Amino acid sequence: MTKSPVLLTLQLSALVTAGLALLQTVLGFVIVSGSWVSWHGDVGYLTFVVSLVAAVAAFLWMRRSGNKGIFMHAAGMAVLFLVQVGLAEMELKWVHVVLGVLLLLGSAALATLAYRRPGALPEPVSPDRLA
């Protein structure tokens, strides 16, 4: 069975977002020692762009499958990554750190959702199974 290109894009972009969020966490710890600051910023911008790709793919997948939850999660993550970039630009260090940890968890959840429950059921569940 071949996957839809939209679903594959959603899954890969969600996985890359989670990987980049993990890399951001590692780079954040390295920054404490005073190095790799520019890398942390560049990877942050890249993470935001990839999260936008995931949100667009989730929107397209929502239109095909009816799964609104994964779209809302992906769109929320993209908005929060934009907020994260803004916090970094304003140099609000501790709010940035706390949101970064939450973004790591949310990115992992998005990747998990994209691979485990990507779409709606092809047919309704019979009432007998619900009783």
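Each Cβ is built from the backbone N, Cα and C atoms, and glycine gets one as well.
For reference, TrEMBL has these:
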type: TRANSMEM; residues: 44-62; note: transmembrane segment
type: TRANSMEM; residues: 69-88; note: transmembrane segment
type: TRANSMEM; residues: 94-115; note: transmembrane segment
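Within its own chain, the transmembrane segment (69-88) has Cβ neighbours under 8 Å at 10, 14, 17, 41, 44-45, 47-48, 51-52, 54-55, 57-59, 61-62, 95-96, 99-100, 102-103, 106-107, 109-110, 113-114, 117-118, counting only residues six or more beyond its boundaries. Listed by sequence, the residues of this chain that lie at least six past the ends of the transmembrane segment (44-62) yet keep a Cβ under 8 A from its Cβ atoms are 4, 6-7, 9-10, 13-14, 16-17, 20-21, 24, 68, 70-71, 73-75, 77-78, 81-82, 84-85, 88, 107, 110, 114, 118-119.
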